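**Q** Per Swiss-Prot, the feature S-adenosyl-L-methionine binding site maps to N13, L15, G40, E61, D85, N103; the stated evidence is sequence analysis.
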Amino acid sequence: MKEHKARKRFGQNFLQDTRIISDIVNAVRPQADDVVIEIGPGLAAITEPLAKKLNRLHVVEIDRDIVCRLKTLPFADKLVIHEGDVLQFDFNGIAGKKKIVGNLPYNISTPLLFKLAEVADDVVDMHFMLQKEVVERMVAAPKSNDYGRLGVMLQYFFDMEMLIDVPPESFDPAPKVDSAVVRMIPVKHRIGKADDFEHFAKLVKLAFHQRRKTIRNNLKELAGDDDLQAVGINPQDRAEHIAPEKYVALSNYLAGKVV
C-alpha cells in the first residue's frame, strides 16, 4: 500500500513509539463490550491494539485516504468508521456510556475539548494525547501561571490528570512541541452546579479576558464589588486567583438577582 504522507492541514503527527502506545492502551483499560470512540485513528497505532481487545471500535476520521486504508486492515470488520470532521460529529448518536480516546489534532484541540464537555454526562472517561502546554493549562490549580479559562471550564466537568509525558521523537513527523496524555473523568458530584451554564461560561470568559486586570475591572459589566464580596471574592484579586467553584457561586448569585 502506498505510504501515507502526513497532512499539515489536518494537524497529522503519527504516533510510532510502541512503549507510549502500550501505556495509552493500558490506561484506557478496554473491555470487550465497552463503547469506545477513537478520534483521529491515523495509521492505526492505537487503533490496532484497541481493536484486539474490543468487539467493536468506533473511529472518527476526516482524511479520506486514511479512511480507505482503515477499510483494508485485517481487523476492519471490528471498525465502525465515521468519516468527517470531529467538530461536527454527533457523539450522542452513539448509544451507551462511552470511552473516548485519541491523538488529537493540536490545531483544533481547544474547541474540540469544549465540544466534548457537552457530552460529559454520557462519558465513562477520556484519554487524549495533546500538546503538553495545553494539558498543563487543563489541570492547573488557581494561583498558577497556567490556570485560566480552559482549566476553569473543563474542571467544572472533569477530574483530570496528566498521565504520560511524550517527547517529539515519539511521532512521525516530529512536532515542534512536547506532548502529554491526559485522563479526563466526568465529576460525579460537582462542588457547585451552574444554574445558567451560558451565563457561567460568559462570566468566565470575561474574567480572563485581560489577565493583568483585577476581577473588578474584567467583570464590571456583570458584577459590582458587593456582588463579588457576597460570594467571598476579593474585588482586587485577579482571575487566576479564583477557584472554579467561586465562579459558579458568582454566576448563580448574579442569576438569582435577575427578576
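Keep in mind that glycine also has a Cβ here, set from the backbone N, Cα and C atoms.
I'm curious about the neighbourhood of these features; can you describe it?
**A** In the three-state DSSP classification, E61 (S-adenosyl-L-methionine binding site) falls within a strand.
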**Q** In three-state terms from DSSP, label N103 (S-adenosyl-L-methionine binding site) for me.
**A** strand
